[in-house]
Amino acid sequence: MAEAHQAVGFEFTVIPEGADAQLSHQALTEIYLSAVNSWKKCIIRIKNSVIRGVYPASPFSWLFVVIAILATMYTRSDPSMGLIAKIQENLPVSQSLSTQCKVLLSAVIFSTMLWLLLIFTMRLCLKQLLSYHRWMFEPHGKMSTTTKVWVALVRIFSGRKPRLYSYQASLPNLPVPAVKDTVKRYLESVRPLMDDAQYEHVTKLAAEFESSLGNRLQWYLKLKALWVTNYVSDWWEEYVYLRGRNPIMVNSNYYVMDFLYVTPTPIQAARAGNTIYAMLLYRCKLNKEEIKPVDTVFPPCASQCRRMFTIVHPPGGETNTIQHWKDSDFIVVYHKGRYFQLYVYQDGRLLCPREIEFQIQRILDDPSPASKGEARLGALTAGDRIPWAKARAKHFNSGINKKSLDCIEKAAFFVTLDDEEQSIVGDNLGESLDCYIKSLLHGKCYNRWFDKSFSVVFYKNGKSGLNGEHSWGDAPVLTHLWEYTLATECFQLGYNAEGHCKGEVDASLAEPQKLNWEISSECEEQISQSLEVAQALANDVDMHVVVFRDFGKAKVKKCRVNPDAFIQIALQLAYYRDQKRFSLTYESSMTRLFREGRTETVRSCTNESCAFIRALEGGETTDVCRRLFRTASEKHQRLCRMASTGAGIDRHLFCLYVVSKCLGVESPFLKELESEAWRLSSSHIPYQMIDLFDTVNHPEYLCYGGGFGPVTDDGYGVCYLMLGGDVLTLHISCKNSCPDTDARKFGARIRAALHDLMQLLSPNPKEPSKTEANRAEVKKDR
């Protein structure tokens, strides 16, 4: 094969006298360029480590301190109060140096020690400043004097140009709440979901737990918090993501959409060329730490960014693992049942978009068939984890299969060239959009590699999307990469008049190498079984997207209401109308104000929200409903702020439960938590593209968010995104097998709830009569 000849460094010729080996000069050149590239990366890492290590000072500040000390000594003053003389007396090379050299060396040593002490002090001050979170609880637009002083001090101690990881060492550790506070908040959260008898029973269990076992478990938890930077994250990753035995497809993985109304080019290979190039640019910026912190006053933890590329979540017998490689100069591409290794660097340089397009087109034009068992191999990553772990150990542990599997797992990321089209424009936008997001979530169950940190999907007509794996990091981190990629692809790289990528092609590029497999009949049987499990799960998922354009965040803010609280109460109202009851509601909140922080749960179903919904549905007056809505909205905002500042409920209880299992003790109270079902699970994706291009003049170039599968068999999953000031998208999921849930019906309920809440909050709302409400209900049901 042609690519094999280009990949070989030695050419062997068998002759009667023996084997004659001729050294390839091209191979030596490649080795030299690889070494140069490796050393460049090493120098960049060392440079970034130094800059990060001395932050919030700069390396040049050392020279300033040395010069200042020497200048002070020149005036015959002793700024060290005798320490320089002590250092001079104890220099090990004092006999071989002149007096002037000894004084100079002693002054430099003292200056360095003083410089390091100043850095340590500044970092400690910055850590204490970043532990202040009272600003989150102040009314919007009314900043206290204390907070103003705090903002000024943070900016002073943050230095001039903080880099992506500059704040990591200064971020505070996640605090451990008091058991009594967590139990109190828990009882308050479940009160609207229980009758008096149930609530009395749970209150009794909570009191027993708080007075006995809870304090013992808390002691162990506080001990852990003294030794680790975050007492939750490692256990959350281990027991929630890595110990799971069910499929990660649908149950854990999530998706992110392309532009809704724009397809930059209809050419599949061209779209892939620009997108892949933009992603690799982002990786270069990450490696150089040139990505700016999202906020320099309230900096979030950036530790998850380190694990975005070259990472995989392989299965294990009892627990899965996360494997991360430092770097990779290739990606793996799937097309029509075949896997290709595509190198994206040549001679130490990143291929230009036109060259990547050229290589992708080579794969699309490759006529070679898939080998035996290869086409549906990816189904192993979509099925249950234990069968995949066993198959991996038995059939992929050596030989050519291990080599090809290593290639997939060590790739920077995974790419799928889908042979289908996904159109999200036309007469039937709703159906085509729902079909598109289902394809992004699970595809054909074998044309994604669900273990990879993310897979990029390119459809035949140029549409694209992303499928993300959840264990290594949370959705906001990956969506930032995707938003950067879309903006760079369209507004910096662009396409020529024919729709191809810009640039020239190097004719000497080696062809992408097709991965080889030796799949036995036994392994094929396991692939078929995993595919059957995955297809049953995929077929059971019902997906629907609501693109709400009637009003958005801007109009909600004019009503002096927090947009997130507005949507959450609308979800509560829609669920109540849909199920005729209230349910435990999960809203994800980030805890990245703390080092290695991930997420916390906001229990959105509160006494206040339930009181408002009962009043609204019961026909109470507008003034009463408004007052109750304001109370519910304020309560929701307070819960979100508490969750973000380490005073949440569920992560603390989760860790107490883990400690109880480690100690082998049973708690009736903690066991009660296991039976709770999150029938309404929601998440809000923060929109971060606003600084990447002009969204006002280009409103059609907006990413319309993403979604996830339902958390329970009889519940809904809702992921929403507020775009600009007038667009809201909601991605709804549920199970077809549940007769009580319907994604489209629930979407209609949400639309109606949004309109009802806006009508209530408008300056001159129309007083709804019970007759009109009943008519509207009948119409919606129809």
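Glycine is no exception: its Cβ is also placed from the backbone N, Cα and C atoms.
Sequence annotations record features per position, and here TrEMBL assigns domain 'Carnitine O-palmitoyltransferase N-terminal' to 1-47.
The transmembrane segment feature in TrEMBL is assigned to 54-74 (among others). Non-local neighbours of the transmembrane segment (54-74) in the same chain are 80, 84, 103-104, 107-108, 110-112, 114-115, 118-119, 122-123, 126, 157-160, 162-163, 166-167, 169-170; each lies 6+ residues outside the stretch with a CB under 8 Å from one of its CB atoms.
Sequence-distant contacts of the transmembrane segment (103-126), counting only residues of its own chain at least 6 positions beyond either end whose CB sits under 8 Å from a CB of the stretch, comprise 54-57, 61-62, 65-66, 68-70, 73, 80, 83-85, 87-88, 91, 97, 153-154, 157-158, 167, 169-170. What TrEMBL lists as transmembrane segment is 103-126 (among others).
Taken as a whole, the domain 'Choline/carnitine acyltransferase' (174-751) shows an average pLDDT of 90 in this prediction. If you look up TrEMBL, you'll see 174-751 marked as domain 'Choline/carnitine acyltransferase'.
Residues or ranges marked as active site, proton acceptor in TrEMBL: HIS470.
TrEMBL lists 761-782 with the feature region 'Disordered'.
Summarising the annotation, TrEMBL assigns compositional bias 'Basic and acidic residues' to 767-782.
With a 10 A radius on its CB, HIS470 (active site, proton acceptor) counts 19 other CB atoms from all the protein chains.
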